[in-house]
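What Swiss-Prot says about this one:
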- SER25: active site, schiff-base intermediate with substrate (ACT_SITE)
- SER25: pyruvic acid (Ser) (MOD_RES)
- THR57, GLY71, ALA72, ALA73: substrate binding site (BINDING)
- TYR58: active site, proton donor (ACT_SITE)
Amino acid sequence: MTISMLQSKIHRATVTDANLNYVGSITIDEELIKKAGMLEFQKVDILDINNGERFSTYIIKGKKGEICLNGAAARKVCIGDLVIIVSYAQMSTDEALNFKPKIVHVNSKNEALE
């Protein structure tokens, strides 16, 4: 049996853009993706601190400091909103007991603090 556990999160990132006319996804600074141990095209949940929205999408690589919600997800955020970007992993209970998720805290410019 496997359970779904928090794999990593990018905590309190600032939305820099919302592009309704793009096909879909969230564009994330490539360096933040690496620091969080996430992968391009990985499914993630987006938690908007400002309005309480919670939704799923997938990652595409972006430029330094970029956090952009694309397509339909652009309707769920406003530029300047703070979001938490969360990934999960499936693992056995034994693996989960020793697993530590990666937490990446960022400043207002979406630069990693760690």
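The chain as shown is numbered from 1 upward.
A Cβ is built for glycine as well, from the same backbone N, Cα and C atoms used for every other residue.
Nearest to the residue listed as 'active site, proton donor' in space, judged by Cα atoms and limited to the recorded positions SER25, ALA72, ALA73, is SER25. Other than THR57, GLY71, ALA72, ALA73, the residues of this chain whose Cβ falls within 8 Å of the Cβ centroid of the substrate site are, in sequence order, GLY24, SER25, ILE26, PHE55, LEU69, ASN70, ALA74, ARG75, LYS76. Considering only the residues assigned to substrate binding, THR57, GLY71, ALA72, ALA73, the longest pairwise Cα distance works out to 10 Å.
Taking all protein chains in view, 16 other C-beta atoms sit within 10 angstroms of the C-beta of GLY71 (substrate binding site). Taking Cβ-Cβ distances under 8 Å and a sequence gap of 6 or more within the same chain, the neighbours of SER25 (active site, schiff-base intermediate with substrate) are THR57, TYR58, ILE59, ILE60, ASN70, GLY71, ALA73.
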